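**Student:** Structure provided below as structure tokens; questions to follow.
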Amino acid sequence: MARRPGAPAGYGEEFTFVSPLVKYLLFFFNMLFWVISMVMVAVGVYARLMKHAAALACLAVDPAILLIVVGVLMFLLTFCGCIGSLRENICLLQTFSLCLTIVFLLQLAAGVLGFVFSDKARGKVSEIINNAIVHYRDDLDLQNLIDFGQKKFSCCGGISYRDWSQNMYFNCSEDNPSRERCSVPYSCCLPTPNQAVINTMCGQGMQALDYLEASNVIYTNGCIDKLVNWIHSNLFLLGGVALGLAIPQLVGILLSQILVNQIKDQIKLQLYNQQHRADPWY
């Protein structure tokens, strides 16, 4: 059968513009993060069920709930990518690409705003730390997180060790009946070499001492300055982490757009074949 002049030569019914490499690479890429999202949801649900305290009052949401929400959103997003690539569905692929682009731009905007408005970011960090101090005894997870941070950064409180007076148990007021009145958590204490048993009462009465006396037993500098200094000294590390998060997103966006263009070309080819199938010159 003669071919119509101008018809694409060599494009038979079995020809496809869709590259199996791109298609299945995008599928397995999304499948990996789909599994990760299910693990995140499972861990979040388990943590939420195992918690005996209420949601953290000092944070926007409970970390377990935050993990569940992020996991569910990630699950839905990667689901669109998996099914879209496997079924060659343009709508799902474009939804996946658009959502991934929005997430990437939000992360980029957050990083730029955090750098430009570093003073306001510092104020927000200060607010979060002070709220965490107030609710130190309200949640075991929060308590462990603060203790880890104070030991890690060798600090105590927000600006100074006396910030612990904001907590109702450590408050120095005369009418405070707590046994921890005017004290600080044990994580503020200077490490003791070869200590077999941790002395959880080592911070007893430290807020009543001046800086010089207290510095012999505990860390007197606040955690805000220590955290800011750590961020400044680890900018390359943080940049590497940010880049590590951005690269998979950019790869996903690129692969999905390539596959969408290939599917569109394939649809055009199929329409061309259907229109000219009855043409005796085709």
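Glycine is no exception: its Cβ is also placed from the backbone N, Cα and C atoms.
Source: prediction; values computed, not measured.
What TrEMBL records for this protein is below:
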DISULFID  Cys155-Cys188  disulfide bond
DISULFID  Cys156-Cys172  disulfide bond
TRANSMEM  24-47  transmembrane segment
TRANSMEM  59-86  transmembrane segment
TRANSMEM  92-117  transmembrane segment
TRANSMEM  235-260  transmembrane segment
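Have a look at these and tell me how they're positioned relative to everything else.
**Tutor:** Under a cutoff of 8 A between CB atoms, and with a sequence separation of 6+ in the same chain, the neighbours of Cys155 (disulfide bond) are Gly149, Cys188, Tyr219, Asn221, Gly222, Cys223, Asp225, Lys226.
Of all the Cβ atoms in the protein chains shown, 26 others lie within 10 Å of the Cβ of Cys156 (disulfide bond).
Sequence-remote contacts of a segment are chain residues at least 6 beyond its ends whose Cβ falls under 8 Å from one of its Cβ atoms, and for the transmembrane segment (59-86) they are 23-24, 26-27, 29-31, 33-34, 36-41, 43-45, 47-48, 51, 92-93, 95-96, 99-100, 103, 128, 131-132, 141-142, 252, 256, 259.
Within its own chain, the transmembrane segment (235-260) has Cβ neighbours under 8 Å at 18-19, 22-23, 25-26, 29-30, 33, 81, 84-85, 88, 90, 93-94, 96-97, 100-101, 103-104, 107-108, 111, counting only residues six or more beyond its boundaries.
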**Student:** Tell me the Cβ neighbour count for Cys172 (disulfide bond), meaning other Cβ atoms within 10 Å of its Cβ, over all protein chains shown.
**Tutor:** 14
**Student:** Which sequence positions outside the transmembrane segment (92-117), separated from its termini by at least 6 residues, show Cβ-Cβ distances below 8 Å to it?
**Tutor:** 30, 77-78, 80-81, 83-85, 242, 245-246, 249-250, 252-253, 256-257, 259-260, 263
**Student:** For Cys188 (disulfide bond), what is the tally of other C-beta atoms lying within 10 angstroms of its C-beta?
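**Tutor:** Other Cβ atoms found within 10 Å: 25.
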